[in-house]
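Structure record follows, encoded as C-alpha coordinates.
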Amino acid sequence: MSVSTTPAMTTMVMATPSKAPEIIAVGITFLVINTLSIGTRTYSQIVTKKFNFNDVGMLIVLAVFGCLVAFLILGANSGIGKHTPDVLKSGIQNVSDSLKWIFFLEFFYVFLTTVMKASIATTFLQWATTRVQKWILWGSIVVDFAIGGVVSVYTVVQCTPISFSWERLDPAAKGMCRDPNEIIKVGYALCFVTVTLDILFLVLPFVMLRHYKPSPRIKMCVYGIIFIGVLASIANFIRIAALSKLGTYKDPLYDAADVFLWSFLEVSLGITVAGILELAPLMQRLGVKGFENVGNNFVDIDDDTHRLVVIGKPKSFDS
(Lines of atoms letter the chains of each structure in order from A and count residues from 1; the text may use other names and numbers.)
(Lines give C-alpha, C1' and ligand atoms only; values in the text may rest on other atoms or scores of the structure.)
Protein backbone atom coordinates (compact mmCIF):
# COMPACT_ATOMS: atom_id res chain seq x y z
CA MET A 1 0.00 0.00 0.00
CA SER A 2 2.58 2.50 -1.10
CA VAL A 3 1.50 6.12 -0.88
CA SER A 4 2.55 8.73 -3.42
CA THR A 5 1.49 12.31 -3.85
CA THR A 6 0.54 14.36 -6.88
CA PRO A 7 0.41 18.13 -7.44
CA ALA A 8 -3.36 17.89 -7.86
CA MET A 9 -3.75 16.92 -4.23
CA THR A 10 -2.68 20.36 -3.06
CA THR A 11 -5.64 21.95 -4.83
CA MET A 12 -8.33 19.61 -3.50
CA VAL A 13 -11.26 21.03 -1.59
CA MET A 14 -11.85 19.15 1.62
CA ALA A 15 -15.48 18.63 2.56
CA THR A 16 -15.09 15.78 5.04
CA PRO A 17 -13.36 15.74 8.43
CA SER A 18 -10.34 13.72 9.44
CA LYS A 19 -10.81 10.00 10.07
CA ALA A 20 -7.91 9.89 12.54
CA PRO A 21 -10.12 9.87 15.69
CA GLU A 22 -12.26 7.14 14.14
CA ILE A 23 -9.40 4.78 13.37
CA ILE A 24 -7.86 5.34 16.81
CA ALA A 25 -11.19 4.47 18.46
CA VAL A 26 -11.60 1.37 16.27
CA GLY A 27 -8.07 0.19 17.00
CA ILE A 28 -8.46 0.53 20.77
CA THR A 29 -11.92 -1.11 20.71
CA PHE A 30 -10.64 -4.14 18.81
CA LEU A 31 -7.62 -4.41 21.11
CA VAL A 32 -9.94 -4.57 24.13
CA ILE A 33 -12.20 -7.17 22.46
CA ASN A 34 -9.27 -9.33 21.38
CA THR A 35 -7.62 -9.07 24.79
CA LEU A 36 -10.83 -10.28 26.42
CA SER A 37 -11.17 -13.06 23.85
CA ILE A 38 -7.62 -14.38 24.13
CA GLY A 39 -7.58 -13.72 27.87
CA THR A 40 -10.68 -15.87 28.34
CA ARG A 41 -9.17 -18.57 26.14
CA THR A 42 -5.97 -18.51 28.20
CA TYR A 43 -7.94 -18.73 31.45
CA SER A 44 -9.94 -21.65 30.05
CA GLN A 45 -6.80 -23.52 29.07
CA ILE A 46 -5.17 -22.92 32.44
CA VAL A 47 -8.13 -23.97 34.61
CA THR A 48 -8.70 -27.06 32.47
CA LYS A 49 -4.95 -27.80 32.58
CA LYS A 50 -4.60 -27.77 28.80
CA PHE A 51 -2.40 -24.72 28.35
CA ASN A 52 0.38 -25.46 25.85
CA PHE A 53 2.69 -23.89 23.28
CA ASN A 54 -0.18 -23.17 20.91
CA ASP A 55 -1.70 -20.94 23.56
CA VAL A 56 1.63 -19.18 23.91
CA GLY A 57 1.46 -18.63 20.16
CA MET A 58 -1.94 -16.98 20.48
CA LEU A 59 -0.59 -14.70 23.20
CA ILE A 60 2.20 -13.72 20.81
CA VAL A 61 -0.41 -13.00 18.13
CA LEU A 62 -2.25 -10.78 20.60
CA ALA A 63 1.00 -8.95 21.36
CA VAL A 64 1.62 -8.41 17.64
CA PHE A 65 -1.91 -7.07 17.28
CA GLY A 66 -1.13 -4.69 20.13
CA CYS A 67 1.88 -3.46 18.14
CA LEU A 68 -0.40 -3.03 15.13
CA VAL A 69 -2.74 -0.84 17.18
CA ALA A 70 0.22 1.20 18.45
CA PHE A 71 1.40 1.77 14.88
CA LEU A 72 -2.12 2.76 13.86
CA ILE A 73 -2.36 5.33 16.66
CA LEU A 74 1.07 6.75 15.84
CA GLY A 75 0.15 6.85 12.16
CA ALA A 76 -3.17 8.55 12.85
CA ASN A 77 -1.45 11.19 14.96
CA SER A 78 1.03 11.92 12.19
CA GLY A 79 -1.33 11.88 9.21
CA ILE A 80 -3.17 8.64 8.40
CA GLY A 81 -6.87 9.44 8.05
CA LYS A 82 -6.17 13.11 7.50
CA HIS A 83 -6.40 14.84 4.15
CA THR A 84 -3.06 14.71 2.38
CA PRO A 85 -2.85 18.44 1.50
CA ASP A 86 -3.45 19.31 5.15
CA VAL A 87 -0.63 17.01 6.24
CA LEU A 88 1.67 18.47 3.58
CA LYS A 89 1.03 21.94 4.94
CA SER A 90 2.27 20.85 8.36
CA GLY A 91 5.57 19.69 6.91
CA ILE A 92 7.23 16.85 5.02
CA GLN A 93 8.24 15.16 8.28
CA ASN A 94 4.61 14.38 9.19
CA VAL A 95 4.05 12.80 5.78
CA SER A 96 7.24 10.77 6.19
CA ASP A 97 6.11 9.62 9.63
CA SER A 98 2.73 8.60 8.21
CA LEU A 99 4.39 6.60 5.44
CA LYS A 100 6.66 4.91 7.99
CA TRP A 101 3.75 3.72 10.10
CA ILE A 102 1.87 2.60 6.97
CA PHE A 103 4.93 0.51 6.07
CA PHE A 104 4.89 -1.28 9.44
CA LEU A 105 1.10 -1.63 9.39
CA GLU A 106 1.31 -3.38 6.02
CA PHE A 107 3.98 -5.80 7.21
CA PHE A 108 2.27 -6.75 10.49
CA TYR A 109 -1.14 -7.04 8.81
CA VAL A 110 0.22 -9.61 6.36
CA PHE A 111 1.85 -11.53 9.22
CA LEU A 112 -1.37 -11.67 11.24
CA THR A 113 -3.62 -12.67 8.33
CA THR A 114 -1.19 -15.40 7.31
CA VAL A 115 -1.08 -16.83 10.83
CA MET A 116 -4.87 -16.64 11.24
CA LYS A 117 -5.61 -18.47 7.98
CA ALA A 118 -3.01 -21.14 8.74
CA SER A 119 -4.44 -21.64 12.24
CA ILE A 120 -7.96 -22.13 10.90
CA ALA A 121 -6.74 -24.58 8.26
CA THR A 122 -4.80 -26.49 10.92
CA THR A 123 -7.96 -26.63 13.01
CA PHE A 124 -9.99 -28.08 10.15
CA LEU A 125 -7.32 -30.73 9.61
CA GLN A 126 -8.31 -32.16 12.98
CA TRP A 127 -11.75 -33.16 11.82
CA ALA A 128 -11.16 -33.75 8.11
CA THR A 129 -12.73 -37.09 7.21
CA THR A 130 -11.18 -37.81 3.82
CA ARG A 131 -7.76 -37.57 2.22
CA VAL A 132 -9.11 -35.07 -0.31
CA GLN A 133 -10.16 -32.73 2.48
CA LYS A 134 -6.74 -33.05 4.08
CA TRP A 135 -4.96 -32.36 0.78
CA ILE A 136 -7.11 -29.30 0.19
CA LEU A 137 -6.34 -27.98 3.66
CA TRP A 138 -2.62 -28.62 3.41
CA GLY A 139 -2.68 -26.94 0.01
CA SER A 140 -4.42 -23.92 1.51
CA ILE A 141 -1.71 -23.66 4.17
CA VAL A 142 1.02 -23.77 1.53
CA VAL A 143 -0.72 -21.12 -0.59
CA ASP A 144 -1.37 -19.00 2.51
CA PHE A 145 2.28 -18.94 3.53
CA ALA A 146 3.43 -18.51 -0.07
CA ILE A 147 1.34 -15.38 -0.72
CA GLY A 148 2.12 -14.07 2.76
CA GLY A 149 5.84 -14.52 2.13
CA VAL A 150 5.70 -12.88 -1.29
CA VAL A 151 3.77 -9.86 -0.02
CA SER A 152 6.04 -9.50 3.01
CA VAL A 153 9.19 -9.60 0.90
CA TYR A 154 7.72 -7.18 -1.63
CA THR A 155 6.73 -4.78 1.14
CA VAL A 156 10.32 -4.75 2.39
CA VAL A 157 12.08 -4.46 -1.00
CA GLN A 158 9.67 -2.09 -2.76
CA CYS A 159 12.11 0.75 -2.05
CA THR A 160 15.91 0.86 -1.86
CA PRO A 161 17.03 1.58 0.81
CA ILE A 162 14.07 0.41 2.90
CA SER A 163 13.88 3.76 4.71
CA PHE A 164 13.20 5.46 1.37
CA SER A 165 9.71 3.92 1.58
CA TRP A 166 8.82 6.72 3.99
CA GLU A 167 11.52 9.29 3.20
CA ARG A 168 10.80 9.60 -0.51
CA LEU A 169 9.39 13.13 -0.21
CA ASP A 170 12.46 14.39 1.63
CA PRO A 171 14.68 16.25 -0.90
CA ALA A 172 17.75 15.17 1.03
CA ALA A 173 16.86 11.47 0.88
CA LYS A 174 18.31 9.32 -1.88
CA GLY A 175 16.85 6.09 -3.17
CA MET A 176 14.39 4.56 -5.58
CA CYS A 177 11.02 2.80 -5.39
CA ARG A 178 9.09 0.54 -7.69
CA ASP A 179 5.94 1.70 -9.41
CA PRO A 180 3.45 2.33 -6.56
CA ASN A 181 0.74 0.63 -8.64
CA GLU A 182 2.64 -2.64 -8.24
CA ILE A 183 2.08 -2.80 -4.48
CA ILE A 184 -1.63 -2.17 -5.09
CA LYS A 185 -1.67 -5.18 -7.43
CA VAL A 186 0.16 -7.24 -4.82
CA GLY A 187 -2.49 -6.16 -2.33
CA TYR A 188 -5.19 -7.36 -4.72
CA ALA A 189 -3.43 -10.73 -5.00
CA LEU A 190 -3.36 -11.05 -1.22
CA CYS A 191 -7.06 -10.16 -1.00
CA PHE A 192 -7.93 -12.68 -3.72
CA VAL A 193 -6.14 -15.48 -1.88
CA THR A 194 -7.62 -14.57 1.51
CA VAL A 195 -11.14 -14.32 0.07
CA THR A 196 -10.69 -17.70 -1.63
CA LEU A 197 -9.52 -19.24 1.64
CA ASP A 198 -12.42 -17.60 3.48
CA ILE A 199 -14.90 -19.19 1.07
CA LEU A 200 -13.15 -22.55 1.42
CA PHE A 201 -13.25 -22.36 5.21
CA LEU A 202 -16.94 -21.47 5.13
CA VAL A 203 -17.89 -24.40 2.89
CA LEU A 204 -15.75 -27.14 4.45
CA PRO A 205 -17.44 -27.16 7.90
CA PHE A 206 -20.80 -27.97 6.36
CA VAL A 207 -19.22 -30.84 4.42
CA MET A 208 -17.34 -32.17 7.44
CA LEU A 209 -20.22 -31.88 9.92
CA ARG A 210 -22.15 -34.49 7.96
CA HIS A 211 -19.98 -37.12 9.67
CA TYR A 212 -20.76 -36.01 13.22
CA LYS A 213 -23.72 -35.73 15.61
CA PRO A 214 -23.25 -32.54 17.63
CA SER A 215 -25.83 -31.48 20.20
CA PRO A 216 -28.14 -28.61 19.14
CA ARG A 217 -26.39 -26.20 21.54
CA ILE A 218 -22.97 -27.13 20.23
CA LYS A 219 -24.17 -26.96 16.64
CA MET A 220 -25.37 -23.40 17.25
CA CYS A 221 -21.94 -22.51 18.63
CA VAL A 222 -20.28 -23.94 15.53
CA TYR A 223 -22.55 -22.00 13.20
CA GLY A 224 -21.94 -18.89 15.29
CA ILE A 225 -18.22 -19.23 14.68
CA ILE A 226 -18.89 -19.75 10.97
CA PHE A 227 -21.04 -16.59 10.97
CA ILE A 228 -18.10 -14.63 12.37
CA GLY A 229 -16.07 -16.03 9.48
CA VAL A 230 -18.69 -14.70 7.06
CA LEU A 231 -18.32 -11.25 8.61
CA ALA A 232 -14.55 -11.47 8.16
CA SER A 233 -15.07 -12.33 4.48
CA ILE A 234 -17.38 -9.34 4.03
CA ALA A 235 -14.75 -7.13 5.65
CA ASN A 236 -12.21 -8.47 3.18
CA PHE A 237 -14.45 -7.64 0.21
CA ILE A 238 -14.92 -4.10 1.49
CA ARG A 239 -11.16 -3.86 1.98
CA ILE A 240 -10.72 -4.68 -1.71
CA ALA A 241 -13.01 -1.79 -2.62
CA ALA A 242 -10.99 0.48 -0.33
CA LEU A 243 -7.78 -0.64 -2.03
CA SER A 244 -9.30 0.25 -5.39
CA LYS A 245 -10.04 3.75 -4.15
CA LEU A 246 -6.54 4.07 -2.71
CA GLY A 247 -5.11 3.25 -6.13
CA THR A 248 -6.45 6.53 -7.55
CA TYR A 249 -3.99 8.50 -5.36
CA LYS A 250 -6.40 11.44 -5.07
CA ASP A 251 -6.02 11.60 -1.29
CA PRO A 252 -3.86 8.61 -0.22
CA LEU A 253 -3.41 9.34 3.48
CA TYR A 254 -7.15 9.89 3.92
CA ASP A 255 -8.13 6.88 1.78
CA ALA A 256 -5.65 4.64 3.63
CA ALA A 257 -7.83 4.96 6.74
CA ASP A 258 -10.61 2.84 5.19
CA VAL A 259 -8.13 0.16 4.15
CA PHE A 260 -6.80 -0.15 7.68
CA LEU A 261 -10.24 0.04 9.29
CA TRP A 262 -11.46 -2.97 7.34
CA SER A 263 -8.11 -4.73 7.69
CA PHE A 264 -8.40 -4.37 11.46
CA LEU A 265 -11.93 -5.74 11.41
CA GLU A 266 -10.89 -8.77 9.37
CA VAL A 267 -7.90 -9.59 11.58
CA SER A 268 -9.81 -8.92 14.79
CA LEU A 269 -12.60 -11.31 13.85
CA GLY A 270 -10.00 -13.99 13.21
CA ILE A 271 -8.40 -13.43 16.60
CA THR A 272 -11.82 -13.43 18.26
CA VAL A 273 -12.64 -16.80 16.68
CA ALA A 274 -9.29 -18.16 17.87
CA GLY A 275 -10.15 -16.96 21.35
CA ILE A 276 -13.54 -18.66 21.59
CA LEU A 277 -12.46 -21.97 20.06
CA GLU A 278 -11.22 -23.35 23.37
CA LEU A 279 -14.07 -22.28 25.64
CA ALA A 280 -16.07 -25.52 25.42
CA PRO A 281 -14.14 -27.34 28.21
CA LEU A 282 -14.62 -24.28 30.42
CA MET A 283 -18.35 -24.29 29.64
CA GLN A 284 -18.47 -27.93 30.72
CA ARG A 285 -16.57 -27.12 33.91
CA LEU A 286 -19.05 -24.33 34.69
CA GLY A 287 -22.00 -26.65 34.03
CA VAL A 288 -23.39 -24.73 31.06
CA LYS A 289 -26.35 -26.59 29.54
CA GLY A 290 -25.52 -28.41 26.32
CA PHE A 291 -21.84 -28.87 27.18
CA GLU A 292 -22.23 -31.63 29.76
CA ASN A 293 -20.64 -34.28 27.55
CA VAL A 294 -18.20 -32.04 25.79
CA GLY A 295 -15.40 -34.51 26.41
CA ASN A 296 -17.17 -36.98 24.14
CA ASN A 297 -18.02 -34.31 21.63
CA PHE A 298 -14.44 -33.35 20.89
CA VAL A 299 -12.27 -35.09 18.41
CA ASP A 300 -9.25 -35.59 20.65
CA ILE A 301 -6.09 -34.93 18.74
CA ASP A 302 -3.45 -34.74 21.44
CA ASP A 303 -4.78 -31.56 23.05
CA ASP A 304 -4.13 -29.31 20.08
CA THR A 305 -5.20 -25.82 21.00
CA HIS A 306 -6.71 -25.13 17.62
CA ARG A 307 -9.79 -27.37 17.76
CA LEU A 308 -12.32 -25.32 15.87
CA VAL A 309 -15.53 -27.00 16.89
CA VAL A 310 -17.06 -29.14 19.56
CA ILE A 311 -18.35 -32.04 17.55
CA GLY A 312 -19.82 -35.41 18.32
CA LYS A 313 -18.48 -38.83 17.63
CA PRO A 314 -18.12 -39.39 13.90
CA LYS A 315 -20.51 -41.59 12.02
CA SER A 316 -17.59 -42.73 9.92
CA PHE A 317 -13.97 -41.84 9.48
CA ASP A 318 -12.45 -43.10 6.29
CA SER A 319 -9.07 -41.41 6.34
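Backbone N, Cα and C atoms are what each Cβ position is placed from, and that goes for glycine too.
Keep in mind that TrEMBL annotations are predicted by a computer and have not been checked by a curator.
Model, not experiment: these values are computed from the prediction.
TrEMBL lists 41-285 with the feature domain 'Rhodopsin'. Annotated transmembrane segment per TrEMBL: 20-38, 59-81, 101-128, 135-157, 186-209, 221-240, 260-280, in sequence order.
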Model confidence over the domain 'Rhodopsin' (41-285) (mean pLDDT, whole number): 81
Cβ pairs under 8 Å between the transmembrane segment (260-280) and the transmembrane segment (59-81), at least three: yes
Cβ contacts under 8 Å made by the transmembrane segment (186-209) with residues that lie 6+ beyond its boundaries: 1, 110, 113, 117, 120-121, 124, 127-129, 133, 136-137, 140, 143-144, 147-148, 150-151, 154, 219, 222, 226, 229-230, 232-233, 236-237, 239-240, 243, 266, 308-309, 311
